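Engineer: Submitted below is the structure of interest, expressed as structure tokens.
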């Protein structure tokens, strides 16, 4: 038994040594041979020496391209007193160009006499008045002052508030300037100034004469939750603004004139965006004043589509200004009112 163990121990040692030798041999075989050990290294070197013939140099040590042998110099050796050799091929007659002669002239100081300022203004009184008038802020009309009765809705109350703000903005007076010219000179320039004013000043709208109202109300036994209304308002490009309600502007980003608005159907008719999750209502009111900015028919079409889209999103119903189901007869009546106030 001991002899068998000894034999197995010797065979295992021989196997381990064989594996190590084979591993070292495999690693050495996979390593790339250097150019010095390669038998073809000298062959390529000899072929390169045969193909490149020795360059011919002249007596000064320059070849046909004017290049001389490389010279090795010590560090710090001065080259100021040495003149580098010049190739005979580069020795050419170079004519020195004459330096341009400039005649220096003495600059004389130029004194500018002060220009007398006129004692009067060339700006006409009409232009001055228009420029000052442009600075006066004017709030755009949002609602109509004469709101038809809408039952229990608060569109009339919101419209009345907007009308009061509009009258307050229009009551601002603009100071006028005393004319500096005589009356004849003023009348001669009036025609040209009127043309300029028409091009630069936007025409204001007349006072609201009518308001178009649409209701989006919850179905019987249900309510509209603020958590659902707020994302729908934002998706329809409404922006929270004046009077604490949402407005649809000319620009989808919320800039420009107001086209139409949304108010709460219940008192006091406002929204609180910070507490919309706890908010609930029976319905909301879409309203648009006439006349309005832009194309009234297009604006009403956008308002109607927005009301229908909101009703589809929150499972509600679209009603007219009298809280009656929206139909073709009501649509034709609204179109007639739009044409009458266009």
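Cβ from N, Cα, C; glycine included.
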Engineer: Suppose you had to name the range Swiss-Prot annotates as region 'Disordered'; which of 33-57, 58-82 would you pick?
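Structural biologist: Based on what Swiss-Prot states, region 'Disordered' spans 33-57.
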Engineer: Could you count the residues of the topological domain 'Periplasmic' (1-6) that DSSP puts in helix, in strand and in coil?
Structural biologist: 5 helix, 0 strand, 1 coil
Engineer: Which sequence positions outside the topological domain 'Periplasmic' (1-6), separated from its termini by at least 6 residues, show Cβ-Cβ distances below 8 Å to it?
Structural biologist: none
